[in-house]
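These notes concern the structure reproduced below.
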Amino acid sequence: MVISVEAADYTAFPCAALLVGCREDNPLEDSLLARIDQLLQGAIASLVQSREITGELNRVTILHTLGRLPAERIVLVGLGNSGALTSDRLRQVGGSAVKALKGAGVTRAASVVHRAAGVPPTSVADIAQGLSLGDYSFDIYKTKPGTTVPVTELVNLFEPGTDTADAERLLAADATICEAVSFARDLVSQPGNVATPLFLAEKALEFSARLGIACTVLDRDEMERQGMEGILSVAKGSHQLPRFIVLEYRGGSADKRPTVLVGKGITFDSGGISLKPREGMERMKDDMAGAAAVMGAVMAVAGLRLPVNVIGLIPAAENLPGGGAYKPGDIVRTMSGQTVEIVNTDAEGRMILSDALFYAQRFKPAAVIDLATLTGACLVALGSAVSGVMGNDAALVKLLRRAGEATGERLWELPLWDEYGEIMKSDVADLKNAGGPHAGTITAAWFLQRFVGKSRWAHVDIAGTAWEEKGRPYQPKGATGVGVRLLVEYLKATVR
């Protein structure tokens, strides 16, 4: 969908549908809506009176204009109470609107939602983001085309004579971010027989070449030379060879230390010898959602040309129960030199991240942030509406949580007290890779903390948020691309 702006009279603009915001509190006190009602000879007022139009958030009503306006339809989108409008609610409005447009078979539409009473001027970007993200679908493997007609164009209409340069800049930046989110969603949606470690490496090389990002891919031999046994041990059960992907975007000054982003890249997780149950195992193609988020974030940062230095590290491997697979009871010497007793081969994410976090130290980072679908315990504790965050630096965690509130990719902090470390002690190695049934999200993060050295570090557990089971206004069912917008917003905040 191409989203643009134009300074034109909405009452004279021909289109298949005109999107109009409708607040819940006294909707017809909005002069724009009142003007449209007048042109429709009181049709809206009548429906408000009968409570068929309420302005309830995300509720959509379609009215045919019957030639009274050049727009064939008025699509009224509920904004809720004007005092409760937030950026995320506006994204929801955009997502609800695009679903209604597609359902009505509209291909070309216009919008004045951003001009509704009580809506801030910059809302055009939030609404557009909801439209773009809500329009996503993954259907490349379907052999028969669907019946839904895509929305190809949406024009945001401003008052005639308005300087639209600022809005155009906002929409251009928004399009770059949404493209990166769609890229991440596509990666996570790919089946495990396609999205292998090599596939991730090839995708990284492709977009890096296009955007001028340095990309290095370490193969198994190089990983062995560097002692990355945390990653290599996990990969031993699969015929798919592991890869370690290094992305380097240098948009800041040479003396500015980089932010290192680390993404878990288990392209399929069977659990290994500690095999997962059959039910739901097909979803384990999403165990590389952290890697997808990091790749998408680096793509967006480069596309936006942010004046920051960012390193993306992606350890990529499959976790399968082959003849050479690592086993419970094995002891693995990680890249850091620390030894780990394997008590659960399904706790593989922390093993590959241990090497990546240690590798990150060579960049002398300003901060290290890892994203991972690390623990089912996080889904149990927090559900699917929020990701868990832990770290060793309160200011870093606070900035990430602020970015989460701004983007709707919210975070909830869990503690990392020393007592949790007792659970991870091993009788035969420096530590063990799983701590039993209690506090699983926290003990996993505590394990990771052992490999970050003195770096400022935060861990984001996206196990509950990487996949949407039912679908929400701007998050269709399936891969969410969570983390891309969060990381971009955080990085933008570091240069404000």
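Just so it is clear, glycine is given a Cβ too, placed from its N, Cα and C backbone atoms.
On a predicted model such as this, the values are computed, not experimentally measured, just so you know.
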Mn(2+) 1 binding, same site as Asp346, Glu348 - Swiss-Prot member from Asp269, Asp286, Asp418, Asp427: Asp269
Additional site residue, Asp287, Asp330, Asp370 [criterion: listed by Swiss-Prot with Lys264, Asp269, Glu348 for Mn(2+) 2]: Asp287
Mn(2+) 2 site, defined by Lys264, Asp269, Asp287, Glu348: further same-chain residues with Cβ within 8 Å of the Cβ centre: Gly265, Ile266, Met284, Met288, Asn319, Gly349, Ile352, Ala372, Thr373
Asp269 (Mn(2+) 2 binding site) as reference: those recorded positions from Lys276, Asp346, Arg350 with C-alpha within 10 Å of it: Lys276, Asp346
Candidates Lys264, Asp346, Glu348, Arg350 (recorded positions) with Cα within 10 Å of Lys276 (active site): Asp346
Between Asp287 (Mn(2+) 2 binding site) and Asp346 (Mn(2+) 1 binding site): CA-CA distance (Å): 12
Cβ atoms near Lys264 (Mn(2+) 2 binding site) (within 10 Å, other residues, all chains): 31
Close in space, distant in sequence - Arg350 (active site), Cβ under 8 Å, 6 or more apart: Leu374, Asn433, Ala444, Phe447, Leu448
Neighbours of Asp269, Asp346, Glu348 excl. site residues, C-beta within 8 Å of centre, Mn(2+) 1: Val234, Ile266, Ser270, Gly271, Gly272, Ser274, Lys276, Asp287, Asn319, Thr345, Ala347, Gly349
